[in-house]
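Working notes, beginning with the structure itself.
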Amino acid sequence: MWRRAYLFLVLVRLYFALSPSYLHPDENFQGPEIIAGRVFSYQVHLTWEFTAVQPIRSSFPLWLVYGLPMFVLRAIWEGFGHDEITPVMVYWALRALMFILSFVLEDWALWELVQSPRYRRSAVLLTASCYVTWTFQTHTFSNSVETLAVLWSLVLAGRIVEDKHSGLFASALLAFVFVLGTFNRITFLAFVIIPALRLLPHFRRKPLSLLVIVSVATCTAFSAVVLDTIFYSSEALTLDKLFKHPIITPINNLLYNASVDNLSEHGLHPYYQHLIVNLPQLLGPAFPLAFLTYRKTIRLACAVTGIVALSLFPHQEPRFLLPTVPLILSSLRIPRNYFRLWVATWVIFNVFMGLLLGIFHQGGVIPMQAHIASWQEPHAVLWWKTYSPPRWLLDGSSESIRTIDLMGMPADSVIKNITGTIRCPEDGSFPKELGKPESVILVAPRSAVFLDRFVLPEAEAQVTLEELWHYSNHINLDDVDFGDDGVWPTLKRVVGRRGLVLWKAQKKCEK
């Protein structure tokens with residue numbers, strides 16, 4: 001029975017992995033967007049993390065997780081005599097890769113970490129039935145990679161401790177994973193403190209194992225620093241430059257996040273945000289069980305150290321706690337006296353969150369950008385009330401497509417931007433010798449009711465909008481305003497008028 005349930009949940013995970021929801025801009029701009037520009041020479045948008053004087057994101061894990069698959073895809077595609085592979089195909093290939101990594105590495109790690117056959121199935125099924133596994137873990141987040149690194153650090157540390165011999169191969173692999181996890185996210189260290197301490201008695205008995213770990217970790221870290229120094233340098237790398245001005249991104253990252261002034265630019269939260277708000281959001285009905293019916297495991301202890309350490313920083317987002325989800329779920333007992341009721345609540349919660357975040361959440365951004373990429377004529381595309389669109393998905397069209405991200409700009413300012421972007425040949429604002437002016441396009445959610453007054457055929461304003469295309473499975477949660485509009489009117493607008501719309505903008509030009 002449990003095998004059929006597990007297979008069904010794997011298919012559910014695959015379905016959500018191949019659904020175009022968009023959970024956070026970082027899933028593109030901290031990974032695929034950057035590497036795609038190097039592998040395929042696409043025009044990309046570099047965020048501040050990669051352009052700062054002291055960059056805080058390492059390219060080392062990006063090349064391993066995204067760069068190598070991109071190179072392989074390009075070689076296979078061109079090997080069959082085709083033109084260069086399209087960005088949309090690369091995008092879905094990476095999603096499929098994240099599904100495989102989650103399905104194989106995460107589930108395998110849990111199967112090995114939970115020693116008791118009685119609890120092993122429950123741990124794997126709980127994690128496989130969690131919407132976090134379906135959505136966040138199958139997206140290209142550094143947090144998803146961090147989860148795998150934490151789990152396999154636990155696995156390898158356990159193999160080393162239990163091995164009657166020195167466990168040299170496991171030691172070498174652990175050193176590599178340790179460095180990879182650290183360069184991927186500095187917060188990784190908070191989750192592996194306890195496994196590292198457990199290894200100390202082993203190192204006293206088997207000093208050769210310690211020597212292997214130190215040697216491999218040093219070589220891997222040195223390679224990562226060299227790769228990052230080359231990645232962020234505009235000039236050829238020399239030994240003098242490497243030793244005098246190395247780019248050590250984990251240190252830069254730690255120093256940046258140690259400053260409250262820096263974090264205030266991204267939003268400050270109370271120190272209890274992770275425990276009181278973010279963790280219940282991730283675990284749902286499993287959250288109270290973490291305090292009432294838990295098993296004392298090293299996994300749970302690692303989750304606690306991670307939560308405590310991350311709570312010391314005032315900028316706290318739910319995805320920062322992704323590694324805690326399998327660690328906690330694999331340490332829970334479901335009380336027998338209300339087993340069916342709890343399972344029913346668990347299923348309802350995860351189905352609702354899975355549909356919301358796995359299908360509808362900013363679900364139109366990727367299909368919309370793929371649609372725009374097929375255009376050949378010059379266009380200025382203004383995006384309003386959406387997450388930043390990945391520029392690399394435009395492929396070669398990025399030369400003729402000008403992307404303007406208006407973010408959450410006030411409505412009146414949006415109309416002013418549209419008016420200022422449109423050029424009229426008749427009134428001299430666009431010289432005739434430059435040829436055909438670019439068309440101006442507005443992409444915005446249908447729930448933005450402010451735009452209704454400008455939509456043809458009823459509109460009689462200076463600026464008019466003509467709908468050209470739309471994608472229905474799109475909900476903008478940032479547009480939720482229960483305080484001012486009320487609960488039912490807000491739901492009626494945001495959910496009832498779901499969808500992302502592409503409008504052609506025009507204005508009445510002077511003759």
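Note that the numbers count up from 1, one per residue, in the order the chain is shown.
Yeah, the Cβs are placed from backbone N, Cα and C, and that goes for glycine too.
TrEMBL annotations: computationally assigned, not manually curated.
Copied over from TrEMBL:
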SIGNAL    1-17  signal peptide
TRANSMEM  60-77  transmembrane segment
TRANSMEM  89-111  transmembrane segment
TRANSMEM  168-196  transmembrane segment
TRANSMEM  208-232  transmembrane segment
TRANSMEM  271-291  transmembrane segment
TRANSMEM  339-360  transmembrane segment
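Listed as Cβ neighbours of the transmembrane segment (89-111) (distance under 8 Å, sequence separation of 6 or more from its ends, same chain) are residues 10, 13-14, 17-18, 32, 36, 40, 66, 69-70, 73, 120, 123-124, 127-128, 133, 137-140, 144, 147-148, 151-152, 154-155, 326, 330, 366, 390, 393. Long-range contacts of the transmembrane segment (208-232) within its own chain (CB-CB distance under 8 A, at least 6 residues past either end) are made by residues 50, 55, 58-60, 63, 160, 166-168, 171-172, 174-176, 178-180, 182-183, 202, 241-242, 245-249. Here the listed stretches are 60-77, 168-196, 271-291, and the one with the most C-beta pairs under 8 angstroms to the transmembrane segment (339-360) is 271-291. Distant neighbours of the transmembrane segment (271-291): 126, 130, 132, 300, 307, 310-312, 314, 316-318, 320-322, 324-325, 328-329, 331-335, 342, 345-346, 349-350, 353; these residues of the same chain sit at least 6 beyond its ends, with a Cβ under 8 Å from one of its Cβ atoms.
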